[in-house]
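Colleague: So that we are looking at the same thing, I have put the structure below in structure tokens.
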């Protein structure tokens, strides 16, 4: 049986902090698959228990839930239990990569470059002076397990550190304080093990926050952004990072240059945005993959 003969569900929405983005991605993906003749139904998981997918006759899932159970391995495990193939990474890679702290530990273990960090756990005392002595200023403070820059603060003074940590702790029990990387910011899509052109992100404000990602029309995206040599360099790094954490199908890996122009790994997005602002389709388009074809390819890679 071909995939076009199967009943496919696009899962989107949900209840994570990234719900609104996922609704937009879900609408775009559902429309693309319908235009290609697939038997597809969009399902907002906020109002639909996942365990009822089998009763509904669903045979395959396109997962476009951002954050929460859609990216932390819970949905992936449930679908495997039901025997339903799904797009994107498996249980282990999904669980690990939503946790920025453990992702960075895995990269560091094999010698891949990533910004220096200090970990703060809920209930621990925060020694701001000691942290700044180690990392310098400015620093970025972020929850370990949130996406879309939710709860992220750029801290420029010692006095700002504690309030920033307290804000991040609203979203997670583990918070990362990371050394600032002064260079350019890139996001690098990977499709079926092939690294696509890096997209340089130039936000209007201090950094690429939620507003810059999904609301602002003033964020600039440059693609292709690198010379052939630099693209080859970042591709080698990103491919290694992708393989270390066990990604499959598709993912997007964020990278930043330090002051000397060296690439540093930031984080993995195992369920990349697919909205009008989204980076993955912008990059794919530059190598001749239109939006509908990209969506279809991701679906074909489901397992």
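Positions of Cβ are set from backbone N, Cα and C atoms, glycine also.
Predicted, not measured: the structure shown is a model, and the values here were computed from it.
OK, Swiss-Prot features for this one:
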| type | residues | note |
| --- | --- | --- |
| DOMAIN | 104-300 | domain 'ATP-grasp' |
| BINDING | 132-187 | ATP binding site |
| BINDING | 254, 267 | Mg(2+) 1 binding site |
| BINDING | 267, 269 | Mg(2+) 2 binding site |
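Help me picture these features in the structure, burial and contacts included.
Modeller: Within the model, the domain 'ATP-grasp' (104-300) shows a mean pLDDT value of 93, rounded to a whole number.
Sequence-distant contacts of residue 174 (ATP binding site), defined as residues of its own chain at least six apart whose C-beta falls under 8 angstroms from its C-beta, comprise 99, 101, 119, 120, 121, 122, 143, 144, 145. Under the DSSP three-state reduction, residue 174 (ATP binding site) is assigned to strand.
The Cβ of residue 254 (Mg(2+) 1 binding site) has 185, 186, 187, 188, 265, 266, 267, 268, 269 as same-chain neighbours under 8 Å, each 6 or more residues away in sequence.
Cβ neighbours within 10 Å of residue 269 (Mg(2+) 2 binding site), excluding its own Cβ and spanning all shown chains: 22. Under the DSSP three-state reduction, residue 269 (Mg(2+) 2 binding site) is assigned to strand.
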Colleague: Per residue, counting other C-beta atoms within 10 angstroms of the C-beta, which of the binding-site residues 167, 267 reaches the highest number?
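Modeller: In terms of Cβ crowding, the pick is 267.
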Colleague: Let me know how many other Cβ atoms fall within 10 Å of the Cβ of residue 181 (ATP binding site).
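Modeller: For residue 181 (ATP binding site), the count of other Cβ atoms within 10 Å is 20.
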Colleague: Using the structure shown, find which entry in 132, 139 (the binding-site residues) has the sparsest Cβ neighbourhood within 10 Å.
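Modeller: The binding-site residues 132, 139 were compared, and 132 has the fewest Cβ atoms within 10 Å.
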Colleague: Residues with Cβ closer than 8 Å to the Cβ of residue 160 (ATP binding site), same chain and 6+ apart in sequence?
Modeller: 153
